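Quick look at what TrEMBL annotates:
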- 43-62: transmembrane segment (TRANSMEM)
- 69-88: transmembrane segment (TRANSMEM)
- 124-141: transmembrane segment (TRANSMEM)
- 135-256: domain 'Glycosyltransferase RgtA/B/C/D-like' (DOMAIN)
- 153-171: transmembrane segment (TRANSMEM)
- 191-214: transmembrane segment (TRANSMEM)
- 243-261: transmembrane segment (TRANSMEM)
- 281-303: transmembrane segment (TRANSMEM)
- 412-430: transmembrane segment (TRANSMEM)
- 437-455: transmembrane segment (TRANSMEM)
- 461-486: transmembrane segment (TRANSMEM)
């Protein structure tokens, strides 16, 4: 009873989040974030969403006639093909933080560690994790950006596969298929294939861990080891570990509280809960021990002067509470604080600024509202990182038209995903269930949304969490399709796609 109440509470929170996001997306399309070269009228939006829904359901119906092997191979070929084609067509240069990390990787490969004295790597030391990974690839294959980007395409394809496996396990086969297929063709994920970002590998590792949690955490006595290592390696690539660990911790506690109605044997129930508890302890121990060993190795080898952490954690909050920039990067704040050495004096100055910015509660609430709409309703930044930064001669199409088309497609797909996810959540809320494996992804969504009310926002930060939205969308599609088949055909479908595994 308690588990059901908590799960339904999480569902309601996610419905509220997605509804708010839907409003933000609509506002972005029609008002402040009007796309270049295209006025998005209400009729255009409605027609675009209708066509998108029609295509989605035609694909879903066609998918019913594919066996698992054919679908799996088709999914891999399509995912790899479209990303490889984009990467080869658009020669996106390495810019910004990604260039700093790549230059560090080149130095690590040469055994030159002087870069670790720079302000960048003495402040945001955790960025060395991805630089070290790149240095390993450079040592093995030479200084070849193509190889690094190609590997990112493989990781992106791997993430698509895990979305399919998770969706099929948590919900049903069609839900997994549709979630994976739609993510494979989600425009920001494709555009980022030409960008040398750490998000591809990190997301792949995290969702591999999530799959093991869903699939094997209570069945394999060594699963905790693999999960802990994957989470630790993912955190090494991109420091999302704290948010994820909290979500995993709450998820396992909910699993322990779960009564397992189908299990009448009290001894069996006790044994299962004990096993879940042991696995949780094992995951946490592995994660923190692995992190400690990695930190020790980096410092002992001379690659880093400090453990792989953020030595200025308050900076993200300074930016996040900046009302003038709506929680986005502030060059004024950078000029004010970046010249100060890391230490107590800088930390105290940042604390004072944060206190000033949160003092006006009405303004703070307004800031949260604006940040949420910008973060979860704004146009994705993938066109900027992939196309805008690329010279026209390295893009085989007119850049402005390409950006406009990509943003239009992204907005319509994003809104469609939000609507279908809300439908999926409502069905989950109304359906009687014995198990709640999807709560892990609800916790991730809620935690990720809440933390970005406090810290700096960029729409490219949605990259990690969007697969979780796709999983909910896949379930929404399976529910609607099952209803339509039952409503308009005499015979019910052999597979009840609305059911949860």
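Just so you know, glycine gets a Cβ as well, placed from its N, Cα and C.
TrEMBL entries are annotated by machine, without manual review.
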*At an 8 Å Cβ cut-off, counting only pairs 6 or more apart in sequence, do the transmembrane segment (281-303) and the transmembrane segment (191-214) clear the bar of 3 or more pairs?*
no
*Near the transmembrane segment (243-261), which residues from the same chain, at least 6 beyond its ends, have a CB less than 8 A from one of its CBs?*
1-3, 6-7, 206, 213, 217-218, 231, 234-235, 269, 272-273, 276-277, 279-280, 283-284, 287, 434-436, 439-440, 443-444, 447-448, 451
*When only pairs 6 or more apart in sequence are counted, do the transmembrane segment (153-171) and the transmembrane segment (412-430) reach 3 or more Cβ pairs under 8 Å?*
no
*Are the transmembrane segment (124-141) and the transmembrane segment (412-430) close enough that 3 or more Cβ pairs fall under 8 Å, when only pairs 6 or more apart in sequence count?*
no
_What residues elsewhere in the chain lie close to the transmembrane segment (191-214), defined as a C-beta under 8 angstroms and at least 6 residues from its ends?_
83-84, 86-87, 90-92, 94, 98, 101-102, 130, 133, 145, 148-149, 151-153, 155-156, 158-159, 162-163, 165-166, 169-170, 223, 226-227, 230-231, 233-235, 237-238, 240, 244, 248, 251, 382-383, 385-387, 390, 406, 437, 440-441, 460, 463-464, 467
_Listed stretch, out of 69-88, 124-141, 437-455, that has the most CB pairs under 8 angstroms to the transmembrane segment (461-486)_ = 437-455
